[in-house]
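K.L.:
First the structure, then my questions, so here it is.
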Amino acid sequence: MPELTHFDAAGQAHMVDVGGKAETKRIAVARGTIRMLPATFELIRKGEAKKGDVIGIARIAAIQGAKRTADLIPLCHPLALTRVAVDFELDETVPAVHCRVQVETHGRTGVEMEALTAVQVGLLTVYDMCKAVDRGMTITDVKVMEKHGGKSGDWVAE
C-alpha cells in the first residue's frame, strides 16, 4: 500500500512539497447526486423555486467551490485553474439532480480535490435553495470518476 503523503516521519501533518515535480496538464472529473421528493424535482425543473434559478446558481457555486478548495481543505495547494466545467442532469426517474464537474490546470499537483469540492458545493447549493420544501434531500454517490496527468498517470473509475 502506498504511503500517506500528508504526514512527515514524526506523523505530523504537512503540506506536500511539489516544487520538484514537473508541470503537466492535470484533469479530474467528479460526480455526485442529490435525491429529492418528486415535488421538489418539479420546482427545480420548472424553475419555480422561491429562491430563483436553482441550477444556474448551483453552477456558479460549484465553480466557486473549485476555486476556493485550498481555503477549505487545509493541506491542498492553491492552484491556478484553467477550466471548471459544471454539468447538471435532471433525472425524474429517481427523482434527482446529478452534478458532473471537470477541472483542469497545468501544474505540479492534481485537481481531484477541486473537482470533488465543486460537486459538493454545487449539490449543497441545491439543498440550500430547496430545503424549505424538502429537508429530506440526500446528497450521495460523490466520487472521482477519472483523473489524467502527473506521475501516477491516468485513472478511470470502474
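Residue 1 is the first one shown; counting continues down the chain.
Cβ coordinates are placed from backbone N, Cα and C, and glycine is handled just like the others.
OK, Swiss-Prot features for this one:
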- Leu75, Cys76, His77, Met113, Glu114: substrate binding site (BINDING)
- Asp128: active site (ACT_SITE)
K.L.:
I'd like the number of other C-beta atoms within 10 A of the C-beta of Met113 (substrate binding site), please.
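P.N.:
Other Cβ atoms found within 10 Å: 22.
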K.L.:
Around the substrate site recorded as Leu75, Cys76, His77, Met113, Glu114, what other same-chain residues have a C-beta within 8 angstroms of the site's C-beta center?
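P.N.:
Everything else in range on the chain: Thr69, Ala70, Ile73, Pro78, Leu79, Thr109.
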K.L.:
Under a criterion of Cβ-Cβ distance under 8 Å and sequence separation of at least 6, what residues of the same chain contact Glu114 (substrate binding site)?
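P.N.:
In sequence order, Ala28, Ala66, Lys67, Thr69, Cys76, Leu79, Leu81, Val84, Val103 meet the Cβ cut-off.
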K.L.:
Select the most exposed residue of Leu75, Cys76, where exposure means the fewest other Cβ atoms within 10 Å, treating these as the binding-site residues.
P.N.:
Leu75
K.L.:
Cα of Asp128 (active site) to Cα of His77 (substrate binding site): how many Å, rounded?
P.N.:
28
K.L.:
If you measure every Cα to Cα pair among Leu75, Cys76, His77, Met113, Glu114, the residues listed for substrate, what is the largest value in Å?
P.N.:
12
K.L.:
Starting from the Cβ of Asp128 (active site), draw a 10 Å sphere and report how many other Cβ atoms land inside it.
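P.N.:
The answer is 14 other Cβ atoms.
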K.L.:
Give the helix, strand or coil assignment DSSP yields for Asp128 (active site).
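P.N.:
The residue in question, Asp128 (active site), is helix (DSSP, three-state).
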K.L.:
Including all protein chains displayed, how many Cβ atoms other than that of His77 (substrate binding site) lie within 10 Å of its Cβ?
P.N.:
15
